[in-house]
């Protein structure tokens with residue numbers, strides 16, 4: 001008799017186009033479950049699911065439910081949704097995304113990556129090293145892994161690598177055999193109520209690791225370092241650039257398109273050894289830090305130093321993580337357009353530092369603030385996050401369903417940037433205005449970085465062509 005049945009009937013995902021939902025749906029489809037779903041709009045994620053044979057309906061209507069035996073909902077789906085209401089009326093089980101992911105994780109040993117920033121990139125780096133080591137893991141990520149062309153993959157081994165989203169506390173359901181915490185910053189306070197509660201939940205996440213597992217913690221981050229004394233009965237391995245790290249980055253050297261660095265590994269007996277010449281095809285010191293987390297995981301899984309040294313060679317990065325999306329011919333050279341998901345001040349600062357590190361001319365930031373509440377709560381931090389940009393263009397706030405807040409808008413951010421000493425910041429109304437402005441000012445070797453979690457990615461995708469059209473007028 002099979003231990004896990006796949007003939008339970010149709011599993012219906014409400015909000016299947018969300019990056020977290022789509023990964024679970026794809027893996028379950030590949031496991032043999034009958035999967036379908038609905039979403040509010042067409043997207044590249046929806047298109048990808050259909051190509052893989054998963055039916056997706058656009059719009060939320062009760063009739064979409066069909067003969068579903070189980071309903072899975074994303075965090076964005078609330079009571080009152082017609083599909084949820086019909087499922088409850090018919091007594092069809094309704095489970096949250098994290099609960100379904102937790103059920104999948106029961107089938108395998110798991111690496112769970114959590115943290116306020118860097119989860120998606122670190123998850124993809126862990127997958128890359130395990131692939132290089134012949135582990136062939138199942139992967140469910142919060143972003144499209146370029147080498148997969150998807151955010152999910154069903155592997156043949158007993159290991160799974162997952163991104164653990166802390167936004168609503170549901171990551172506490174995800175008990176990793178190996179847990180990673182990249183950083184802890186004050187985010188999602190609308191759910192948690194206070195930063196202390198955020199930190200408490202990360203401690204609980206680490207303590208959920210079994211006695212035979214390990215927690216990889218970034219000692220460079222003060223709030224992560226602060227929770228280490230609270231974890232007294234689990235194996236903790238620290239990583240970072242600190243001299244106290246168990247897995248330490250050393251001799252970091254920027255190279256075209258990325259970094260080369262050494263790793264100093266401290267064993268339990270205090271002895272150390274070096275892994276020299278690790279090449280990472282991603283720019284930015286923060287990405288070396290993410291790579292150190294992945295290396296720590298690989299070491300825990302007994303992947304050899306030789307494989308670790310070369311394991312990132314085929315790493316193609318993650319969609320919308322410092323992704324080059326276009327070039328603009330200018331004079332005898334070109335300007336580059338980059339698309340990045342960064343929407344928190346810490347992320348923006350790291351992305352712009354990486355850009356400055358590799359820039360040969362101006363760094364031009366185009367930011368679309370994401371949510372009025374985030375801009376309100378972190379306004380001071382946003383106003384000091386753009387020092388590495390020569391020029392900042394601030395787009396209207398992407399509301400993400402929120403109502404506007406008086407005095408919290410693009411103009412307020414620009415005013416604050418100028419008050420804190422930024423020499424060039426202005427509001428930009430839309431993609432057409434941006435293209436027209438850049439056409440008159442952009443120069444060879446400039447780097448334009450579009451930042452945000454909203455539809456700024458569409459601005460980035462069409463920007464090089466739009467600038468070219470403006471220039472040709």
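For all residues, glycine too, the Cβ spot is worked out from N, Cα and C.
Annotated ATP binding site per Swiss-Prot: 115, 116, 117, 118, 119, 120, 121, in sequence order, evidence recorded as sequence analysis.
Projection of Swiss-Prot feature records onto the structure.
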residue: 115; record: ATP binding site; Cβ within 10 Å: 24
residue: 116; record: ATP binding site; Cβ within 10 Å: 23
residue: 117; record: ATP binding site; Cβ within 10 Å: 21
residue: 118; record: ATP binding site; Cβ within 10 Å: 24
residue: 119; record: ATP binding site; Cβ within 10 Å: 26
residue: 120; record: ATP binding site; Cβ within 10 Å: 24
residue: 121; record: ATP binding site; Cβ within 10 Å: 31
**Study point:** Extra residues within 8 Å (Cβ to Cβ centroid of 115, 116, 117, 118, 119, 120, 121), ATP
**Key:** 113, 122, 182, 183, 290
Review point. Which three-state DSSP class does residue 118 (ATP binding site) fall into?
Key: coil
